[in-house]
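S.K.: Okay, so Swiss-Prot annotates it like this:
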- G64, R67, R151, D194, R197, R200, R203: CTP binding site (BINDING)
- S400: phosphoserine (MOD_RES)
- K402: N6-acetyllysine (MOD_RES)
- D152: site 'May assist in discriminating ATP from CTP' (SITE)
- 1-41: transit peptide (TRANSIT)
Amino acid sequence: MLRCLYHWHRPVLNRRWSRLCLPKQYLFTMKLQSPEFQSLFTEGLKSLTELFVKENHELRIAGGAVRDLLNGVKPQDIDFATTATPTQMKEMFQSAGIRMINNRGEKHGTITARLHEENFEITTLRIDVTTDGRHAEVEFTTDWQKDAERRDLTINSMFLGFDGTLFDYFNGYEDLKNKKVRFVGHAKQRIQEDYLRILRYFRFYGRIVDKPGDHDPETLEAIAENAKGLAGISGERIWVELKKILVGNHVNHLIHLIYDLDVAPYIGLPANASLEEFDKVSKNVDGFSPKPVTLLASLFKVQDDVTKLDLRLKIAKEEKNLGLFIVKNRKDLIKATDSSDPLKPYQDFIIDSREPDATTRVCELLKYQGEHCLLKEMQQWSIPPFPVSGHDIRKVGISSGKEIGALLQQLREQWKKSGYQMEKDELLSYIKKT
């Protein structure tokens with residue numbers, strides 16, 4: 001059964017706040033009783049909710065987990081919000097003999113409790129007192145609407161009670177049904193509170209919207225006006241969001257938008273990017289689960305572009321190496337169309353590389369090039385062991401280390417030419433012939 005209720009809310013002004021409380025005419029509520037919601041009630045969660053009821057503190061599911069449940073998806077991570085302060089939560093958990101972990105979140109109002117081998121992250125309701133585009137000074141509150149106001153998008157501003165009651169202050173449920181991504185209140189204001197919200201908008205657009213192209217003009221204008229604010233955001237935070245954009249839906253549309261709105265230079269992307277190459281590669285990799293750097297490499301013309309990206313975003317070493325590899329080899333290491341075995345150049349590269357991630361890199365390159373048949377073959381291919389060692393060569397009477405090294409290299413080339421078929425005896429007999 002679905003029940004909807006509406007409640008009148010009056011706008012509130014507090015001079016200490018950095019912004020005006022957003023006026024919201026109605027609070028929309030409904031009952032959710034889906035299998036995904038019911039599956040959340042583990043022994044740990046039951047114990048947690050019982051404790052909060054006993055201590056007269058409100059506790060609700062918050063943010064992304066609510067969005068997922070409304071979409072019929074069981075959330076992987078659940079954030080909880082409460083009217084209890086961190087001090088009250090600590091006293092409550094200590095009295096109940098419940099262990100608390102990860103105390104680093106306490107200064108932000110988050111306490112992590114461990115019940116029945118599960119961790120529960122619970123954050124006190126907050127209002128932003130001041131913001132600087134990166135961080136916020138917060139004050140605790142017991143007002144659920146005020147906490148909802150400080151969140152980025154309407155679809156992330158909802159709460160869910162444990163009786164299944166949805167609390168929606170800013171039409172998040174309606175936006176979710178209509179596949180609409182909107183900021184809570186004014187886009188410009190939300191963005192200026194934390195400029196990373198520009199990338200979060202793009203990320204959730206790729207996640208929520210069915211067909212690309214429908215954006216509020218006010219939102220795009222606010223992004224373009226405030227894109228330079230991303231220059232002050234740490235590279236690590238930007239990379240987390242950008243990676244999710246690259247592996248999400250509508251990536252072609254979103255990357256073009258990032259360039260059209262002049263966001264690119266502030267997040268480490270090259271000004272002279274090859275968007276035509278990006279368009280081609282985005283089609284090549286569609287449906288083949290590329291790594292984020294694989295698609296991103298199509299924007300880079302030279303390896304130095306990868307190095308500059310790393311300086312800005314502090315990407316992982318293996319990600320940087322993959323980007324350098326693709327930019328270097330996307331044209332040089334290509335299938336030999338006149339060869340009876342077009343996979344051979346790629347296999348030879350892996351054999352010569354002797355690096356543990358060489359096969360992964362080559363598979364990503366094949367995705368980039370759109371060589372889907374070769375990719376399937378490569379994924380089924382196992383690297384054959386080279387059958388000759390330095391010890392084998394010593395047995396035939398050669399003791400010089402330098403000579404042994406040179407012979408091993410010659411034998412490896414012969415073995416490669418044979419399609420990795422020559423066996424030890426054949427290779428050792430080759431030494432005697434030479």
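Along the chain as shown, the residues are counted starting at 1.
Glycine too: its Cβ is placed from the backbone N, Cα and C atoms.
Tell me about the surroundings of these features in the structure.
M.R.: Less than 8 angstroms from the CB of D194 (CTP binding site) sit T131, G133, R134, H135, A136, D152, each of them six or more residues away in the same chain.
Around the Cβ of S400 (phosphoserine), a 10 Å sphere holds 11 further Cβ atoms from the protein chains shown.
Of all the Cβ atoms in the protein chains shown, 7 others lie within 10 Å of the Cβ of K402 (N6-acetyllysine).
DSSP assigns D152 (site 'May assist in discriminating ATP from CTP') to coil in the three-state reduction, placing it in neither a helix nor a strand.
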S.K.: Same chain only, sequence gap of 6 or more: which residues have a CB within under 8 Å of the CB of R200 (CTP binding site)?
M.R.: D152, L153, E241
S.K.: Tell me which of the binding-site residues R67, R203 sits in the most Cβ-dense spot, judged by other Cβ atoms within 10 Å.
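M.R.: Counting Cβ neighbours within 10 Å, the top one is R67.
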S.K.: Just the number: how many Å between the Cα atoms of G64 (CTP binding site) and K402 (N6-acetyllysine)?
M.R.: 62
S.K.: Once the chains shown are all counted, how many other Cβ atoms turn up within 10 Å of the Cβ of D152 (site 'May assist in discriminating ATP from CTP')?
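M.R.: Neighbour count, Cβ to Cβ under the 10 Å cut-off: 20.
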S.K.: Provide, as an integer number of angstrom, the distance between the C-alpha atoms of R151 (CTP binding site) and S400 (phosphoserine).
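M.R.: Cα to Cα, R151 (CTP binding site) and S400 (phosphoserine) are separated by 70 Å.
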S.K.: Tell me the Cβ neighbour count for R151 (CTP binding site), meaning other Cβ atoms within 10 Å of its Cβ, over all protein chains shown.
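M.R.: Step by step: centre on the Cβ of R151 (CTP binding site), count other Cβ atoms within 10 Å, giving 20.
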S.K.: When DSSP states are folded down to helix, strand and coil, where does S400 (phosphoserine) land?
M.R.: coil
